[in-house]
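*Asks:* OK, TrEMBL features for this one:
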- 1-24: region 'Disordered' (REGION)
- 71-305: domain 'ABC transporter' (DOMAIN)
- 411-433: transmembrane segment (TRANSMEM)
- 445-466: transmembrane segment (TRANSMEM)
- 520-547: transmembrane segment (TRANSMEM)
- 554-573: transmembrane segment (TRANSMEM)
- 642-664: transmembrane segment (TRANSMEM)
Amino acid sequence: MPSAQVAVIGETTADAKSPSQRSEKQYVIQMRDGDTLEVQMSVDGAQIISSLSPRITVTFHKVSKVIDVPAKMIDPTSKERFIQRTLLDQVSGQIHPGQVVALMGPSGCGKTTLLNTLAGRALSGVTGDIWFNNQRYDKAMKRKLAYVLQQDLFFEMLTVKQQLTYTALLRLPNNLSKQDKLAQVEQIIDQLRIRKCANTPILLISGGEKKRVNIGTELLTNPSVIFLDEPTSGLDSTSAVALVEVLRELATQGKTIITSIHQPSSQIFQSFDQLILLADGKTIYMGKPSNALAYFATMGHHSPAQYNPADYVMDLVNQDMNIREELKQAYLQNRIVSNGKAISSQSQQQPSSVAQQYLFPEPSGNEADLTNPDNVNLIPTKKEGKWPLSFLPQMLILCSRSFRLTGMSQLTLLNAIQALGLAVVSGLCWLRMDFSEDTLSDRSSYIFFLMTFWPLQTLMGGLLSFPFERAVIEKERASGSFRLSAYFIAKSLAEGPLKLILPTCFLIISYWMANINPNFGIFLAILVFQLVAILVAESLGLLLGAALKNLQHAITAATVILLSLMLVGGFFVKHLPHWLGVWGKWLSFFKYSYDACLQLQFKGDRVYSCVDGSIIASCRNNANGTFYSKDVLQYFDIGIDIGWNFLVLIGMFIVFRILAYMALRFIKNHTGRA
Ligand SMILES: Nc1ncnc2c1ncn2[C@@H]1O[C@H](COP(=O)(O)OP(=O)(O)OP(=O)(O)O)[C@@H](O)[C@H]1O
């Protein structure tokens with residue numbers, strides 16, 4: 001498919017050098033196959049978008065990272081608790097706007113750690129200096145930096161366009177109109193050449209397209225610096241070349257691009273402006289990719305002719321430890337430090353050896369090394385605020401996304417068949433029970449079934465919700481998209497009603513088929529209890545899912561807790577041992593909904609007929625007698641009345657939700673990796 005045409009109206013910013021020149025920008029109308037798009041960027045919008053991306057030079061000086069690793073992970077026989085491990089050792093460098101820089105090295109050499117550190121993520125144990133222009137990293141710069149993770153994490157049921165639209169609505173600033181945000185989505189779709197799959201669910205698109213959507217999601221905010229962690233992994237060579245071309249295009253717009261990469265083709269390798277080669281957390285080469293072979297040749301390591309230089313470099317560093325040590329030592333001896341002026345290959349100290357001429361100088365750590373090409377303050381003022389949007393709009397957008405996602409996952413044909421099929425089957429099992437003594441236990445078992453089946457089902461749904469969603473949310477939060485509280489409230493508000501639709505349909509069918517209590521008010525009250533029990537169970541599921549990050553642990557904990565709560569809930573065992581019954585049954589949310597619904601079912605003066613007196617004492621020797629439904633409650637061991645049951649359930653719902661939120665907020669990724 002031909003890529004979109006671009007019609008330029010007025011001046012563009014592609015070659016603008018300063019903010020004042022940039023603000024003269026008119027606007028660019030994207031055109032597709034000869035038609036103008038429906039959504040066009042306004043002049044004001046284009047200016048706002050352009051102002052989001054000042055040119056930034058990234059300078060890092062003697063950056064190290066040391067972590068405490070549990071000693072047993074390294075040596076099972078160790079008596080120590082922790083062993084210190086150096087992941088980065090005094091790495092320095094400077095990357096300018098317009099450059100695409102490759103980070104290479106063997107697996108585990110520290111590429112991701114360096115990217116994370118430069119991007120301001122997982123900073124514990126980090127020492128050294130990092131500057132963006134002439135300012136040190138500050139959380140408030142987050143929105144100027146984009147990080148494209150190695151994994152493509154999305155809500156995969158959304159289409160490409162929906163994914164980009166939600167991100168644009170959430171992350172672009174408040175002063176940009178909705179129309180301009182949508183226009184920005186259109187521009188990114190064209191820029192990354194994903195128009196063809198724009199309306200396809202992400203689930204169905206190819207790996208290369210997914211990677212471009214991943215990059216596009218980060219580009220929406222027009223960031224100044226883009227970090228990419230192995231963007232070409234899993235791509236075929238054509239897609240990899242196309243992707244690197246996109247990076248090059250972005251660099252020509254003045255962005256600073258730093259990407260880790262595993263085994264680039266020769267063409268890709270040569271296209272980088274700078275290569276930083278790491279081994280065991282140390283730099284072993286920093287210079288032009290085209291000079292790398294010449295540099296290693298000065299140490300006697302000659303590449304065979306016709307060999308991909310990237311492959312040779314990787315083979316060299318992957319060889320035995322001794323060669324790696326030799327290369328580390330050689331770099332320490334050869335490295336040159338900037339003479340305090342802006343660093344470029346021309347401004348280095350005079351190389352004193354042949355090897356040195358191939359290296360870029362390291363920054364000296366002096367302020368004189370630092371630049372600020374657009375003379376901008378990268379830390380937003382208080383007025384600009386910490387978040388792109390205030391709480392309410394964040395919540396409404398997240399609500400709409402949750403509603404869409406839950407609708408797609410819950411209201412499926414399969415779920416509808418399951419709910420309606422089971423409603424009919426249970427209606428048939430308890431079909432048209434008459435009001436007599438011998439249906440009493442069937443009536444209570446219907447209520448128990450009602451109060452366990454749906455809560456169990458939703459609890460498991462809640463449990464699985466965070467393990468899958470958390471990674472996406474953590475990624476979005478790491479780029480400062482929204483408050484966790486806005487997400488959590490939105491999720492609760494949007495998902496609740498949708499999750500209650502099928503249980504409501506189930507009750508409508510089975511309740512009347514079973515002939516539970518013909519009073520419509522009672523039906524509504526039982527429905528309310530069923531729905532509240534479902535919400536309590538879902539909250540418990542969310543809590544377990546948020547607190548226990550290992551899914552297997554969470555499922556095991558849920559099974560044990562649920563079965564225990566069911567056993568002490570009053571249906572299976574009426575006479576619990578005193579020590580267990582005293583507190584155990586009061587913890588069971590099954591008990592509250594079951595007790596309340598039993599009371600509702602037998603409420604009033606409905607006349608029941610006696611059978612053999614095995615349950616109701618007044619029926620003994622009075623087979624033709626009758627009794628009132630309220631007499632039945634003496635037989636069941638009812639704890640507290642309906643109102644209190646309701647309040648306890650609401651209390652449990654609130655407590656579980658708050659705990660789930662706290663678990664999500666405070667239980668961090670225990671691997672310690674960003
Ligand atoms: N939290 C952590 N605990 C223990 N070890 C860690 C932790 N984070 C990173 N490491 C170790 O630090 C080293 C560098 O990891 P990093 O992910 O940066 O390597 P990498 O070069 O990106 O590797 P790859 O190319 O395989 O992705 C690895 O040996 C890794 O096992």
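The backbone N, Cα and C atoms fix where each Cβ goes, glycine too.
Mind running through what each feature is packed against?
*Replies:* Beyond its flanks by at least six residues, the transmembrane segment (445-466) meets 422, 426, 430, 499, 503, 506-507, 510, 514, 516, 526, 529-530, 533-542, 544-546, 551, 554-555, 558, 562, 566, 569, 571, 589-590, 593-594, 597-598, 601, 664 of its own chain at Cβ-Cβ distances under 8 Å.
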*Asks:* State the non-local partners of the transmembrane segment (554-573) in its own chain: residues 6+ outside its ends, Cβ under 8 Å from one of its Cβ atoms.
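*Replies:* Beyond its ends, the transmembrane segment (554-573) has Cβ neighbours at 444-445, 448, 452, 456, 459-460, 463, 467, 540-541, 544-545, 547-548, 580-581, 584-585, 587-591, 594-595, 637, 639.
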*Asks:* Residues sitting near the transmembrane segment (642-664): Cβ under 8 Å, six or more positions beyond its termini, same chain?
*Replies:* 466, 470, 484-485, 488, 492, 525, 528-529, 532-533, 535-536, 539-540, 542-543, 545-547, 589, 592-593, 595-596, 599-600
*Asks:* Residues sitting near the transmembrane segment (520-547): Cβ under 8 Å, six or more positions beyond its termini, same chain?
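*Replies:* Long-range Cβ neighbours of the transmembrane segment (520-547): 447, 450-451, 454-456, 458-467, 470, 495-496, 499-500, 503-504, 507, 511-512, 554, 557-558, 561, 589-590, 592-593, 596-597, 600-601, 603, 642, 645-646, 649-650, 652-653, 656-657, 659-661, 663-664, 667.
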